[in-house]
Amino acid sequence: MGCGHKDDKASLASSQIASFSHQPHSPPSTPASKEVWKKGGRMFSILLAVHLALLACTLVSSGAFEKIAVHDYDVFFLLTVMMLIVIIWIIFYLVGTSRCPDAILCKDSHAGPIWLRGGLILFAIFSLVMDVFKIGYYSSFYSCLSAIKIIYPIVQAIFVVVQTYFLWVSAKDCVHVHLNVTRCGLMLTLTTNLAVWMSAVTDESVHKAHSKLKKNVTEEIFRWLLKAGMRSSSAEECNCNSQICQIFKNGYFWLYPFNIEYSLFASAMVYVMWKNVGRFIDHHSHHIHRLKFRLFRRTFFVGVVLGLIILVSGLGVLVLYEVQVNSSTESSKKSQALTMYYIFNIVCLGLMSLVCIGGSVIYRFDKRDMDRHKNPTRTLDVALLMGAALGQYAISYYSIVAIVASTPRDAISALNLTYALLMIAQHTFQNIFIIEGLHRQPPKEDHKHSSHQKGLYGLTFVNINAVSLRVPDSGSTLAPSTASGTEATHADLVRSLTAPKKMNWRRKFLREISMFLLLSNIILWIMPAFGARPQFDNDTELNFYGDSMWPAIVDICLPFGIFYRMHAVASLLEVYIMS
């Protein structure tokens, strides 16, 4: 396909380009008939994504059970084909579409900020390490496995490299050629990332279920249970007795959380690109804010210190929890670990809730205007925050019902109830604080004043008394009107010199709050992502809902809660920079 305008959308772009070039300060008008075609192109790509997502979800969920005649290598085959198609399309976009004349007339300055792309690269590096571990693990007994088990991690590594480069260089593009092909390609990329995410979450959940079952039963009973109905990976039937094989096996399961977050981050960035296809930016309403990221500028270090204390304490709690719950069979140590875990989280969530309330109160005194311009990135951020929080809301409400309806109640049940209530409150207050921060205009620089005030600021010593020497006394021959005007200028200068000092305390407190919440969300992401999941170790919910219903609820809802924490970190970093 060449760079010529092959489809209806391309002809629309050519007409808009002409008007855009003649009138750079006003967005081009779009005819109603062309708007229908625009919606039709989007609808076709959405339908393609929905059907592929349903197919992938069906295969992944069916492959989770042994009795269904769908194996894990069937899932890997589908994912491999999808990733290969996406790789081919990305190469076509980078080599063909993006290099066409007038292909990218403008860029969305809000899309793909540097901290989001930096986080994507960090997760991509760990995902590549995970793929290396997978290749090493499956290569240890390739003779008894399907070839797709080794091909899949190789293709996934290539997919991660190509997609990361694509998102790094093209995240801000507003494409105006090959519109329908680009929309379908982006939706295929998004669906592929979601399918990889679903497969990773399923594999991780099954692995944890097998590990918990292995700890409680003998090897013979475990293999019988696998044959009876639980999913068993093809690798389970092969012998992995060498030390290097065990290292590869344990290593890539520990790196699953990073691969899960990478897929979700990439999906979010691809969705913003899809929204920007065919979009024209109004340069008057779409301000480009070049904000300088200075981490510890104008801060009291209170938020950083408290956040680091929470982070280090949480890491200690995580290590003790893993040792006492997963490595010990004594019920007393398990109760101590659960008590320690709940107390830490209650303190952490309580502080975070109070801090979020305080930040929302400070916003009531903030004089900055609300940013009401169209911003697909911010719209997606808000939608992801609200949507991902539903996972933790569901777990908390299920826990509340189980604890209230169960008898007898002990100290751990009371701590669990408090933990569930605070989890709901903290998510709510934090969402309010983040959404308010994302909708605020960036602060204006203090040096942007009128030309006369700039002249006064140009004095070597900015001193109110020194400036007043420039105002003539009453005995001079200066006209009264000139004297009064000079006095008014002096009063304006005094107000402009003192006003930033009144505003600075709000900005400082907002920065402290954002940094504290950022570090706290990091530890609250690390703990469940790396094994600290009291939902599986507390018997109250298991006894109330049963051994099949409750693990299914947690497996479905917990990944959304984990993603919420990491997305909140990215959003809080943006709020920090905008404050």
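A Cβ is built for glycine as well, from the same backbone N, Cα and C atoms used for every other residue.
If you check TrEMBL, you get these features:
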type     : residues : note
TRANSMEM : 43-63    : transmembrane segment
TRANSMEM : 75-95    : transmembrane segment
TRANSMEM : 115-138  : transmembrane segment
TRANSMEM : 150-169  : transmembrane segment
TRANSMEM : 253-274  : transmembrane segment
TRANSMEM : 295-321  : transmembrane segment
TRANSMEM : 341-363  : transmembrane segment
TRANSMEM : 383-405  : transmembrane segment
TRANSMEM : 509-530  : transmembrane segment
TRANSMEM : 550-577  : transmembrane segment
Result, the transmembrane segment (253-274) in contact with the transmembrane segment (550-577) (3+ CB pairs under 8 Å): yes
Beyond the flanks of the transmembrane segment (150-169) by 6 or more, those residues with Cβ under 8 Å of it: 76, 79-80, 83-84, 86-87, 90-91, 93-94, 112, 117, 120-121, 124, 127-128, 131-132, 134-135, 138-139, 142, 189, 192-193, 196, 262, 266, 269-270
Counting only residues 6 or more past its boundaries, what in the same chain has a CB within less than 8 Å of a CB in the transmembrane segment (341-363)? 306, 310, 313-314, 317, 321, 412, 415-416, 418-419, 422-423, 425-426, 429-430, 432-433, 436-437, 440, 506, 509-510, 513-514, 516-517, 520, 523-524, 532, 534
Which range wins on Cβ pairs under 8 Å with the transmembrane segment (43-63): 75-95, 115-138, 253-274? 75-95
